[in-house]
């Protein structure tokens, strides 16, 4: 049904009145990229939007809980900082203290934005200190482990101290059983001559055969087939048999000494790499053992040489196999004075080497790793002046000798 009532003359048609019905303004183009909403808004825009929509958001917060959630990682960080600042402020207010003003500017700015999102911060285990009893127990275990020394280095040091005197003794015996010592002994003044016709040249020739036999790998024929100028056998069967026994003892001693030297070299290399000062301590102890041993044996030999010589042969040789007549070749080549001189040379070589080793390995402060007491350091002061290490510290009073 149409309204055909005529329009009064004084009334304008509303559809034709431009003032009453202005033309609608063109809508603003709000088109934006599809993922532009995921980017964090600038701080100015966020603050502006927060101020404009704050009342509306508080009114409709229960209806749309997702509105208060931060939409990016930066927002979450800001929310965490704001939550921490709020908690600090609450604790300060509860304790009656003013809030801390040394918080970072980023925290203060983020807290001023005012957000409703909070997330519990993770607690790191590194920030939790164990109880005092646990700390003391761990410190005690660390100190005990630092003081404890491994078993192998200590064993090698003891082994080095035991092997050292034996090695020195074997080397000294090897030096005596040489043509050089034989020549020096036969040509020295005061050495007793042979009453049965051997001159110095004969002794040197026949004695060299006997000494060489002790260190080579020849059998008893090496001495058994030797003849003198008259064509008779130089050594009797008993003498050859005794020299074979002596050779067995000498080769065994030389082999044991070589093995000890090899083990000692390995021990020295290991101790030098793993235990600072281990070689020095082992050799120092070995030199002391050597001195005690050589002084003891020298005292026994000086008190009764003949008894000492007899007991020595009884240890290594069977009874009756090492006694000969004065006209036998071994006695004519090696009389009693020869063995006395050989014993003195062996003792002197071992004693001198042990004393030198003792001096070189003496545990001084520098060798033990302790810093020597110094009177002062030049130019180490704050103004480039000398510093006296013996000067008392600040606040201390040095007593005055009256």
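Easy rule for this one: first residue shown is 1, then count along the chain.
The backbone N, Cα and C atoms fix where each Cβ goes, and this holds for glycine too.
TrEMBL does not curate its annotations; it predicts them automatically.
What TrEMBL records for 1-146 (among others) is region 'Disordered'.
The annotation compositional bias 'Low complexity' is assigned in TrEMBL to 40-57 (among others).
According to TrEMBL, the compositional bias 'Low complexity' annotation covers 80-112 (among others).
Sequence annotations record features per position, and here TrEMBL assigns compositional bias 'Basic and acidic residues' to 131-146.
Here the transmembrane segment (155-176) has Cβ contacts under 8 Å with residues 215, 250, 253-254, 256-257, 260-261, 263-264, 267-268, 270-271, 275, 278-279, 281-283, 285-287, 289-290, 293-294, 342, 345-346, 349-350, 353-354, 357 of the same chain, all six or more residues outside its ends. What TrEMBL lists as transmembrane segment is 155-176 (among others).
Taken from TrEMBL, the feature transmembrane segment covers 248-271 (among others).
Away from its own ends, the transmembrane segment (283-305) comes close to residues 157-158, 160-165, 168, 340, 343, 347, 350-351, 353-355, 357-358, 360-363 of its chain (Cβ-Cβ under 8 Å, at least six residues beyond either end). Taken from TrEMBL, the feature transmembrane segment applies to 283-305 (among others).
The transmembrane segment annotation in TrEMBL covers 338-360 (among others). Listed as Cβ neighbours of the transmembrane segment (338-360) (distance under 8 Å, sequence separation of 6 or more from its ends, same chain) are residues 164-165, 168-169, 171-173, 175-176, 181, 185, 191, 283-284, 286-288, 290-291, 294, 297-298, 301, 305, 309.
Summarising the annotation, TrEMBL assigns region 'Disordered' to 371-402 (among others).
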What counts of helix, strand and coil residues does DSSP assign across the compositional bias 'Basic and acidic residues' (131-146)?
15 helix, 0 strand, 1 coil
